[in-house]
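What Swiss-Prot says about this protein:
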type	residues	note
ACT_SITE	ASP129	active site, proton acceptor
BINDING	LYS66, GLU125, ASP126, ILE127, VAL128, ASP129, SER130, ALA131, ILE132, THR133, LYS157, ASP185	GMP binding site
BINDING	ASP185	Mg(2+) binding site
REGION	1-20	region 'Disordered'
Amino acid sequence: MSNSAKSPSGPVGDEGRRNYPMSAHTLVTQEQVWAATAKCAKKIAEDYRSFKLTTDNPLYLLCVLKGSFIFTADLARFLADEGVPVKVEFICASSYGTGVETSGQVRMLLDVRDSVENRHILIVEDIVDSAITLQYLMRFMLAKKPASLKTVVLLDKPSGRKVEVLVDYPVITIPHAFVIGYGMDYAESYRELRDICVLKKEYYEKPESKV
């Protein structure tokens with residue numbers, strides 16, 4: 001008996017995998033993301049054990065909006081499985097407009113609400129390509145005098161670097177490609193896709209939008 005069903009993303013087949021018309025191919029499945037994130041969470045838990053984290057002195061996960069919101073939620077749960085107390089804060093900065101190339105100019109759109117002075121901060125990014133935004137955020141947060149500051153990145157694209165930045169916890173390294181899904185978008189679309197997919201060039205190279 002088939003378990004096929006209809007969804008806004010298209011038909012779901014017997015393997016539960018959606019067919020994405022805008023996708024050239026699936027780069028990383030949701031299950032692969034979970035496995036890699038769980039492994040990363042174990043490493044983070046080991047590294048922070050000496051910090052004596054508690055509910056009063058938690059690890060602050062600084063979710064960089066909008067792309068890392070799903071990754072942050074999953075990471076928080078995997079860290080909880082490892083016994084790491086966390087608190088989630090949100091920040092938003094961007095060097096992208098609606099295109100696929102960085103503008104090189106970072107705009108701060110949302111700052112953290114609480115003081116993070118003397119707190120342990122882990123910046124959570126969905127993807128690092130040029131590293132311009134991450135470099136900006138690290139400098140911005142260091143000015144707030146945290147007790148420690150590290151970075152975790154779901155997708156690391158070293159080939160796209162324009163500035164040198166240390167990524168403490170790169171979860172998955174990928175080649176140069178424009179990716180969507182699992183929180184990541186093109187022109188605010190496709191964040192809801194379960195898998196991480198390579199966007200077809202025709203969707204962002206033609207003047208007429210297919211979004």
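First residue shown is number 1, and so on along the chain.
Here the Cβ of each residue, glycine as well, is placed from N, Cα and C on the backbone.
This view paints the features noted in Swiss-Prot onto the structure.
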residue: LYS66; record: GMP binding site; Cβ contacts under 8 Å, 6 or more apart: CYS92, GLY183, ASP185, ARG191
residue: ASP126; record: GMP binding site; Cβ contacts under 8 Å, 6 or more apart: VAL64, GLY67, SER68, PHE71, VAL153, LEU154, LEU155, TYR182, GLY183, MET184
residue: VAL128; record: GMP binding site; Cβ contacts under 8 Å, 6 or more apart: LEU134, VAL153, LEU155, ASP156, LYS157, VAL165, VAL167, PRO170
Most Cβ neighbours inside 10 Å, all chains, among the recorded positions ASP129, ASP185: ASP129
Most crowded position, judged by CB atoms within 10 A, among SER130, ILE132 as binding-site residues: ILE132
